[in-house]
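Listed in Swiss-Prot:
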| type | residues | note |
| --- | --- | --- |
| BINDING | Gly98, Gly100, Arg101, Lys121, Asp133, Gly134, Arg184, Arg191, Asp270 | ATP binding site |
| ACT_SITE | Asp260 | active site, proton acceptor |
| BINDING | Asn261, Asp270 | Mg(2+) binding site |
Amino acid sequence: MSSFLHDSPVLEAPPIPFDNSYARLPPQFFAEQAPTPVAAPRLIKFNSVLASELGLDAEVLERDGAAIFSGNALLPGSQPLAMAYAGHQFGGFVPQLGDGRAILLGEVIDRNGRRRDIQLKGAGPTPFSRRGDGRAALGPVLREYIVSEAMFALGIPTTRALAAVTTGQPVYREEALPGAVFTRVAASHIRVGTFQYFAARGDTDSLRILADYVVDRHYPEIKDRKNRYLALLDAVADRQAALIARWLHVGFIHGVMNTDNMTISGETIDFGPCAFMDAYDPATVFSSIDRQGRYAYANQPAIGQWNLARLGETLLPLIDPTLDTAVELANGIIKAYGERFQTYWLAGMRAKIGLATEEDSDLDLVQSLLAVMQEQEADFTLTFRRLGVLAASVDNEAAFAASFKDPLSVAPWLSLWRERLGRDPQSPAARAKAMLGVNPAFVPRNHRIEQAIAAAVEEDDFSLFEALLAVLAKPYEDQPAFAPYAEPPRPAERVLQTFCGT
């Protein structure tokens, strides 16, 4: 087993008490790379609550955050590096990708004893930059800050936002844009593509080191299993099935589910062209680069399975020395993923429509509601929220029916729903409370994100950004003062495409 996770001796208490296990792995896992300084950094947002959770000195970091989170100042104990990985991008394999604009500063052990990465995105070029400038524009940095923190508040496993800094210098894309650096916190940044990097090189020794490291760090409960590497594939499959089910429960579309954007830890990562669905349509795509709809809303579970199959391929030489046996064992897990996902998804959908018990007909009940929503172009988030309100009192039926173009279209479904509720033991009050706890009032709607970004980029005005963060921190509360944030966009406000950035 790997021994890279032992704690290093700490002689003093720096503002970030680094303990860098990944940097103790062999050199083929990364390239040492310091951030490139920027002209005039300015701290625009610092997550002091997360800093406290991580055991950091929030006071020092807020005071000196511009220099620290831009990469201009390197703290004691940091061992900056760019991680090596490969990946399938829209189905095509690229044997070397790696961190082209991200630099891992190091790791900390948080107050709950969990090891967490701290990474700068947009901190300058690395050996993996592939002719890129290694920089990030302000807009994508704000988008990732907003959406990752919103996902956390929704209760979905995700990377976190620790800080955002403007650089005082432009980045050049189709036009000159203000530059920024994003500080991301993750359980780790190990991806399916990290395994693919070594598999593509036939480097089984490094694969074994990586797999043992991942078991130590993320899945210590399986380290003594008879077939540790098969158990690893199974554990990752379970977390991914649960994660993607949660995405669907809130109408989230990742947008670029390449294997280099799928974490081994089971966290959502890389929010470049992501978006939340307004009107329900399972074929919804927002990403400008997803021209074939590969990563559409309803395709996400199948893509998760496809990505897991790619992970399984890399683990074959570790699972069993006989290839046919290894393939058979791995295939068993990959094939079981669909049923596993369906179990997680249906459990969540039962909760969304207020069911505490299970009946075989529940799937039909859920699917028939979704069919009416699609036909009527009903807003995904608002419809389920209003259903929770309706569960509290029949007086709220008109508001629920108003989610549909033809309010009468949902009446047959409501009759079936009420009949089913009659066989469910919850009281109306308990049911409504439970439903409002899983059906958010607020999600980061695309038009609100774009408004916040436009104000920041064009006017240096971060008030909309701050307001949006405040609303999204309490997604399951009604917040009457912010009721407009719960509404879908007007036709002129609709965002039809999102773009990669960070």
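Keep in mind that glycine also has a Cβ here, set from the backbone N, Cα and C atoms.
Taking the C-alpha positions, the distance from Arg101 (ATP binding site) to Asp260 (active site, proton acceptor) comes to 14 Å. Within 10 Å (C-alpha to C-alpha) of Asn261 (Mg(2+) binding site) lies none of the binding-site residues Gly98, Asp133, Arg184. When every Cα pair among Gly98, Gly100, Arg101, Lys121, Asp133, Gly134, Arg184, Arg191, Asp270 is compared, the largest distance found for this ATP site is 23 Å. Following the DSSP three-state reduction, the secondary structure of Arg101 (ATP binding site) is coil. For Asp133 (ATP binding site) paired with Asp260 (active site, proton acceptor), the C-alpha to C-alpha distance reads 20 Å. In this structure, the CA atom of Asp270 (ATP binding site) is 9 Å away from the CA atom of Asp260 (active site, proton acceptor). Each of the recorded positions Asp133, Asp260, Asp270 was scored by other CB atoms within 10 A of its CB, and the lowest score goes to Asp133. Geometry remark: Gly98 (ATP binding site) versus Asp260 (active site, proton acceptor), CA distance 9 Å. DSSP classifies Asp270 (ATP binding site) as coil under the three-state reduction.
According to DSSP, Arg184 (ATP binding site) sits within a strand segment. In three-state terms derived from DSSP, Asp133 (ATP binding site) belongs to neither a helical nor a strand segment and is classed as coil.
Residue pair Arg184 (ATP binding site) / Asp260 (active site, proton acceptor) shows a Cα separation of 16 Å.
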